[in-house]
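For reference, the structure discussed in these notes is given below.
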There are 2 protein chains.
Amino acid sequence: MPELRKDPVIGRWVIIAVERSRRPKGFKAPSHKDTEEDCPFCEGKEDQTPHEIFAIRKEGSTPDKPGWDTRVVPSKRPFLRVEGSINRHGRGLYDVMSGIGAHEVIIETPKHIGNIADLEETQIAKTVTCWIDRFVDLGRDERFKYVLVFKNYGVAAGAGHVKHSRSQLIATPVTPKRVKEELIGSKKYYEYHERCVFCDLVHQEIESKDRIVLDFDGFIAVTAFASRFPFEVWILPKEHNCDFSSMGVEKRLYLGKVLKKVLTKLKVALDDPAYNIVLHTAPFRRKKAKTGYWTTIEDDYHWHIEIIPRLGSTAGFEWGTGFYICPITPEDAAQYLREVEE
Amino acid sequence: MPELRKDPVIGRWVIIAVERSRRPKGFKAPSHKDTEEDCPFCEGKEDQTPHEIFAIRKEGSTPDKPGWDTRVVPSKRPFLRVEGSINRHGRGLYDVMSGIGAHEVIIETPKHIGNIADLEETQIAKTVTCWIDRFVDLGRDERFKYVLVFKNYGVAAGAGHVKHSRSQLIATPVTPKRVKEELIGSKKYYEYHERCVFCDLVHQEIESKDRIVLDFDGFIAVTAFASRFPFEVWILPKEHNCDFSSMGVEKRLYLGKVLKKVLTKLKVALDDPAYNIVLHTAPFRRKKAKTGYWTTIEDDYHWHIEIIPRLGSTAGFEWGTGFYICPITPEDAAQYLREVEE
């Protein structure tokens, strides 16, 4: 059973994934080639994955058989385990929790295509629908506080060697540190200004235009003002909303469009870079009486997507300090991305 | 002039190093070879670096000439600039500060040796003396709040291609986020327990032995209980002390010994991995009356060194979430390191 452990000083929870343990010499990723025949995520290979949890399928098709557009399956090597109850305990001064959670893989296309940027907008919108469906479903499980939806593209971003386009989600019994910090920060801003900090950011970015990469269909894509990394791009809905999963069908298509455009721009500008995508949305809110679940629409948080291209080994001491050095201005990066033909 | 920018939501300061800007295509590090003839850090090449700020030299030798053991010079491509005053201002909702600071390089040996693990203990102790001297000297500058001492070893850790063993320091007008979090966390612990969290950690680790890598001469080296990365090792003085720079000459030699042993173990165990070292110590304390500077010995903070081997691209979404997954238990890692012959 994996274990959640809390840093006793700064309070960050980490997953110690004991069942994935490898001998020290085995930390380099195996260098096997990516071939379509060996890919377990292609249509027709459904027997090579665990049973599907959710899928968008053609009418009349059967679960775990061909005929799907997008498909969600449990991870074969999960970071966290679904079975069991949350057992918080101390180990001397340290805090520990059993590694309860869910770890799922969203297969974004039946075809052997690597980069989500190369899928149709409508196909990307179906991926968004998968994220939302799983988010809502996992929210019904009272043990979970958060669902982390993310995507690693390219080996340098932590992806495996099989290139078939997919994203992942982890449902956790704790709120990730970065999300908690954002919640606290945006609440403080709201308390002072009585306005959402992200709404203010959207307005200011639209007005100044300096960091705008795209602005259409209810979304903006901007390079972050205090970028940690070159070409760090945030996608935000222009209208206030804390809850990603409340997005309607039409908006999902618009988001698919924006994601395709931004990721294609990055692909062209940076020569198909590795990247990470992380969805930031409000944690599940729970009724204290345990009469069910609901998420409230908060005034002080605003969901968004962060895209971080992984360009070379720019990161050194940043890991240990939280102090980042970005070697290119976000304004130059935005201008470059605006000019790139997608 | 570089610029310090603050993330408006979570309050993290980053350096936007505009003068280091490169065109997007130029982000991959140039692949020139490391050769002794081309190394600007070897003895005899003193004219290829800026003028030295501090050096440990043989008696009778001249600054910027041969005859040194360790040598500190300003960075040729500094992240921050020493000249100017701190100018905090807003840019709409964003906070900005001029990029004032110091960025120095500590050359750890006159010989062309890459890994500090391969230096003599006494030589490593001289590096520690350089860190301390520069820390104390930069502390006299009222503009600076913190001196970040760190080391990138290997290209995967963000080091350049010239392998000559060296560390760096950055003096900053802000406290790095991670350090601030530690200060707040350890203060909270102290308020509740009236004990230093790091002292408690030292005692518990010595008692349990599970994560001990080394324990001698007043220091312990342990794998972190809530490790973010495989083989993340912390070195802590057993005796309480918040201020690294108060360390006496004898202790510096002991620290040199411990660093050599731990880094040699990592080198052997993990096949000469890239790594980052970061020194965590208390920020400068200022007298309000501006009558000079002093650092007080705080009860609630405890200096230490963090070593993070960079093993493959294990990190994916961790960047964006602050949520880490460590694929090996710290206990297994510690056992392995204990058994390795250094």
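Placed from the backbone N, Cα and C atoms, the Cβ positions cover glycine too.
Just so you know, TrEMBL annotations are computer predictions that nobody has curated.
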The Zn(2+) site in TrEMBL lists B:Cys39, B:Cys42, B:His164. Which one of B:His89, B:His112, B:His203 belongs there according to the record?
B:His112
Whose Cβ lies within 8 Å of the mean position of the Cβ atoms of B:Cys39, B:Cys42, B:His112, B:His164, the Zn(2+) site, other than those residues?
B:Glu36, B:Pro40, B:Phe41, B:Lys45, B:Lys111, B:Ile113, B:Val162, B:Lys163
In chain order, residues whose C-beta lies under 8 angstroms from the C-beta of B:His164 (Zn(2+) binding site), counting only those at least six residues away in the same chain, are B:Cys39, B:Phe41, B:Cys42, B:Ile107, B:Thr109, B:His112, B:Ile113, B:Gly114
Taking the Cβ of B:Cys42 (Zn(2+) binding site) as the centre, count every other Cβ atom within 10 Å, in any protein chain shown.
20
